[in-house]
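Here is the structure we will look at.
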Amino acid sequence: MDSNSSSPSPNNHASTTKINGFFHPKPGSQPATSSRSRLAMASPVNSDPKVVTGTAGYILEDVPHFTDYIPNLPTYPNPLQDNPAYSVVKQYFVHVDDSVPQKVVVHKDGARGVHFRRAGPRQKVYFEADEVQAAIVTCGGLCPGLNTVIRELVCGLHHMYGVKRVLGINGGYRGFYARNTITLTPKSVNDIHKRGGTVLGTSRGGHDTKKIVDSIQDRGINQVYIIGGDGTQKGASAIFEEVRRRGLKVSVVGIPKTIDNDIPVIDKSFGFDTAVEEAQRAINAAHVEAESVENGIGVVKLMGRNSGFIAMYATLASRDVDCCLIPESPFYLEGTGGLYEYIEKRLKENGHMVIVIAEGAGQELVSESVQSMSKQDASGNKLFQDVGLWISQKIRDHFAAQKTLPITLKYIDPTYMIRAIPSNASDNVYCTLLAQSAVHGAMAGYTGYTSGLVNGRQTYIPFYRITERQNHVVITDRMWARLLSSTNQPSFLDSKGDNEEKKEEEAALNQLPDGHCSKDTSLANKEINSIYPTTC
């Protein structure tokens, strides 16, 4: 494989050599040191994406490595080769050229497409066990599986690589410079996976990159494992860039955490399966309440600020839901094809119904009828109105005004109960794979990456791919079509706004001259086109 050519930066490269498309210091030109007195000699702050190309349209979006900016690093044989648990495994070590495709479905004449470096142990490592001082931090909201990831990071470092010094940073990013730490050992974390929440504590915000890296240097930390969502991963990327700028031999590794499953590229985030499973209890309770009375309606609000994956999958799994409302699919209340009309229809047919709504759905409607406050939490996320309470009251008011169909409505909000429980068996296995893959990558000298599952394989994904956008339900995709078929609900796509949007798209397409191509303007591809523009 040949690497992409990279144009020289404005910096003076007289003392550097170009390897794999990147400029690295020549041996002897810049000593490998972490002294702050030599920070001016370190690498530029913003590192360029590390992209390698091959034949047949093969593209590897690689992750940074110590050798990209620190010369003459010694390597050591991987201790796993002498570990009786692993030495019997054939071809246990991952080949240097192993990669995983982002898309499995391809056409015979199409390009091989984007790949990511395959996760797993390497034959050579860049740390000896005695020199490793690892740190683990959890940030953002709670999620099932946090304690499992912490446990497996500690046990993986200890049992696989013999690392004895592992610190837990208490209270999120603030804990780095608040000097709050917990010593973690396999014994102290042995049973934590049976508990919900995080034994390290968590918080939102509090990210001061320079203070955090100062703390990392002062404590002698050289492996940092950061567990959190997209905002946390952005913070991890900033920490990596500062570490790289200072020329430190510190692995900065992200482990993606979001109960909403809205992190892009990866197949799913840990805790999602548990959340969908636990949501069944709330939906079942709503169904029992609704069918036990005449014209009963059960409303269940589930998590999903900007992505409706939990609501969609919980609806598909339950089969008791008559209507699922998510942020990606706008809906309207009144008029032909509106929610009120559909509720009346279902009540006349079945005598009861269950509505599942994601917390981010219908926020534009709430803002129209409720004075919206532009408040944010410590992480910069917009504080949403309680759409569950709002829609429950709107439904009550509507049918009370109609006086033709008396209803009994029960509202259930299990959101904080769902995210506070321990992870189930499926997520426990997934958390183990994520944690062990993260450890293998850090020991092998990789840094500035997120450990994630892509097409069923563990991979190392560069931070910029994780933070570039959010994952959303594509309402023109087959999965949403399966849900509509299951619930038999209207798609709500015939509202005035959607019709106007469709007319604008058709008009734009009709104005194109013959022989010209354009970007796909379907709802499913608008976001993709904004990131990967289509060319003729």
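Cβ coordinates are placed from backbone N, Cα and C, and glycine is handled just like the others.
Just so it is clear, the model here is predicted, and its values are computed rather than measured.
All protein chains considered, the CB of GLY141 (ATP binding site) has 19 other CB atoms within 10 Å. The ATP binding site annotation in TrEMBL covers GLY141, ARG204, GLY205, GLY229, ASP230, GLY231, THR232.
Taking the Cβ of GLU359 (substrate binding site) as reference, residues of its chain lying under 8 Å away and at least six apart in sequence are, in sequence order, LYS301, LEU302, MET303, GLY304, ARG305, PHE384, ASP386, VAL387, GLY388, THR415. The feature substrate binding site is assigned by TrEMBL to THR258, ILE259, ASP260, MET303, GLY304, ARG305, GLU359, TYR416, MET417, ILE418, ARG419.
Annotated domain 'Phosphofructokinase' per TrEMBL: 134-440, in sequence order.
Look at TrEMBL and you will find 1-46 (among others) tagged as region 'Disordered'.
What TrEMBL lists as region 'Disordered' is 491-518 (among others).
Over all protein chains present, the Cβ of GLY231 (ATP binding site) has 19 other Cβ atoms lying within 10 Å. TrEMBL lists GLY231 with the feature site 'Important for substrate specificity'.
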Of the residues named as ATP binders, GLY141, ARG204, GLY205, GLY229, ASP230, GLY231, THR232, how far apart in Å are the Cα atoms of the most distant pair? 12
The rounded CA-CA distance in Å from ARG419 (substrate binding site) to THR232 (ATP binding site) is 18
Rounded to an integer, what is the Cα-Cα distance in Å between THR258 (substrate binding site) and GLY231 (ATP binding site)? 10
Number of other Cβ atoms within 10 Å of the Cβ of THR258 (substrate binding site) across all protein chains: 28
Tell me which residues of the chain lie with their Cβ under 8 angstroms from that of ASP260 (substrate binding site), as long as they are six or more apart in sequence? SER269, MET303, GLY304, ARG305, ASN306, SER307, PHE309, ILE310
THR232 (ATP binding site) CB neighbourhood, other CB atoms within 10 A: 27
